[in-house]
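Engineer: Swiss-Prot lists these features:
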| type | residues | note |
| --- | --- | --- |
| BINDING | VAL23, ASP24, PHE25, ASN26, GLN39, ARG40, SER63, HIS64, GLY66, ARG67, LEU122, ARG123, HIS170, ARG171 | (2R)-3-phosphoglycerate binding site |
| BINDING | GLY214, GLY238, PHE343 | ADP binding site |
| BINDING | GLY214, ASP219, GLY238, GLY338, PHE343 | CDP binding site |
| BINDING | ALA215, ASP219, ASP375 | Mg(2+) binding site |
| BINDING | ALA215, LYS216, LYS220, ALA239, GLY313, GLU344 | AMP binding site |
| BINDING | ALA215, LYS220, ALA239, GLY313, GLU344, ASP375, THR376 | ATP binding site |
Amino acid sequence: MSLSNKLAITDVDLKDKRVLIRVDFNVPLDADKKITNNQRIVGALPTIKYAIENGAKAVVLMSHLGRPDGKANPKYSLKPVATELEKLLSKSVIFAENCVGKETEEIVNKATGGQIILLENLRFHAEEEGSSKDAEGKKVKADKEKVEEFRKGLTALGDVYINDAFGTAHRAHSSMVGVDLPQKASGFLVKKELEYFAKALESPQRPFLAILGGAKVSDKIQLIDNLLPKVNSLIITGAMAFTFKKTLENVKIGNSLFDEAGSKIVGDIVEKAKKNNVKIVLPVDYVTADKFAADAKTGYATDADGIPDGYMGLDVGEKSVELYKKTIAEAKTILWNGPPGVFELEPFANATKKTLDAAVAAAQSGSIVIIGGGDTATVAAKYGAEAKLSHVSTGGGASLELLEGKVLPGVDALSSK
């Protein structure tokens, strides 16, 4: 699956067309159904505005919200989003009470002049995800013919299909892969994701560095495996570094996290790195704690002393940070997935902050710096660095699967240029 040859919204003629856009409006709502964070709605605005400005007859928006498990549930209605959209766009938004069906088709077909129509939650139909849950919470597969019918119902609402929901791209749901229109293109959010991941995975400027954190080696094995033939250097940090240190160098790690299953593959990873000429950088000192809490008694340990029993490493120390900074400064492409420490707790946030500072400095001196979603995206947001980096991915699971070398159904379904 090539990421760089997919059709984008800018390649498609939208004049007088019904433009069907899969957006990600899965926003948090409070008990009064008020939106507590509208970031995802704001993120979709450039694509929506582009369709209107380029003469679309109707702009039809479809999304999921929460997990209603294939049944209509007012708690998960997208109606509050219609109100928010009207505010943000200063334009009227028609809310369709169902995402498919005769009435919805009539609303869409009557629309003119770039009218925006927001469809009700796709997941009110079991046919969107392909399954629902029964009263006991057991999964029930959706009827194949009904899934086909649902997909035809969505297809009937557009002339052109645009996918701007990268966070769901790893799911083969009906709205992601089942719309059968001649032109299926990416919106601006998905376009940017694909462009930047192509810059890392398909044609990186070298040296190419990957920074990988996280808890378990066994969780990241596919990621490491896919990146080793591509990168020049690899920083392994976060809790999973302890499994490497103990297995390779017999460093005492105290009560730090040790991944028994992961320890069995550490040797293979190191061999593969040697074969591919990849420099592996591991931490050499640690900030320790007697418990996993902000008020823990803290200490400091080096490789030579080891971490004493009763203590665990929750961050890496200054010497490690210096190593990371040097490696980051040498790289031209940097892909970061996973923080070095437990940044949510202030005493263990130092290395994460300093690694982020180094990444920002690299981006400002012309390197491409990509944050691969998840916890590291939270770090960038927490310290206000999003705009200072080349790209912060919006897809947690989708980014990870892409980095693992998996085909994303939602991307694969797009037309090629």
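Counting starts with 1 at the first residue shown.
Each residue, glycine too, has its Cβ placed from N, Cα and C.
Source: prediction; values computed, not measured.
I would like each feature placed in context: is it buried or exposed, what are its neighbours, and how far apart are things?
Structural biologist: In the three-state DSSP classification, HIS170 ((2R)-3-phosphoglycerate binding site) falls within coil. Sequence-distant neighbours of HIS170 ((2R)-3-phosphoglycerate binding site): residues of the same chain at least 6 apart with a C-beta under 8 Å from its C-beta are GLY395, GLY397, ALA398, GLU401, LEU402, LYS406, LEU408, PRO409, GLY410.
DSSP gives GLY238 (ADP binding site) a coil state; it is part of no helix or strand. When Cβ atoms from all protein chains are considered, those within 10 Å of GLY238 (ADP binding site) total 28, not counting its own.
In the three-state DSSP reading, PHE343 (ADP binding site) counts as coil. Cβ neighbour count for PHE343 (ADP binding site) (all protein chains, 10 Å cutoff from its Cβ): 24.
Taking Cβ-Cβ distances under 8 Å and a sequence separation of 6 or more, the neighbours of ALA215 (Mg(2+) binding site) in its chain are GLY238, ALA239, MET240, LEU257, ASP259.
Under DSSP, ALA215 (Mg(2+) binding site) is assigned to coil, being neither helix nor strand in the three-state scheme.
The Cβ of ALA239 (AMP binding site) has 23 other Cβ atoms within 10 Å, all protein chains considered.
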Engineer: Which of these binding-site residues is closest to VAL23 ((2R)-3-phosphoglycerate binding site) if you go by CA atoms: GLY313, PHE343, ASP375?
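Structural biologist: Of the binding-site residues GLY313, PHE343, ASP375, ASP375 has its Cα closest to that of VAL23 ((2R)-3-phosphoglycerate binding site).
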Engineer: For the ADP site given as GLY214, GLY238, PHE343, which other residues of the same chain have their Cβ within 8 Å of the site's Cβ centre?
Structural biologist: GLY213, ALA215, THR237, ALA239, GLY338, PRO339, PRO340, GLY341, VAL342, THR352, ASP375, THR376
Engineer: In the structure shown, with every protein chain counted, which of the binding-site residues GLY66, GLY214, GLY313, GLY338 has the densest set of Cβ atoms within 10 angstroms of its Cβ?
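Structural biologist: Most Cβ neighbours within 10 Å: GLY313.
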Engineer: For the binding-site residues listed here (GLN39, SER63, THR376), which one has the lowest count of neighbouring CB atoms within 10 Å of its own CB?
Structural biologist: GLN39
Engineer: Most Cβ neighbours within 10 Å: which of the binding-site residues LYS216, LYS220 is it?
Structural biologist: LYS220
Engineer: Can you tell which of the binding-site residues (ASP219, ASP375) has the fewest other C-beta atoms within 10 angstroms of its C-beta?
Structural biologist: ASP219
Engineer: Return only the integer: C-alpha distance in Å from PHE25 ((2R)-3-phosphoglycerate binding site) to GLU344 (AMP binding site).
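Structural biologist: Distance (Cα to Cα, whole Å): 26 Å.
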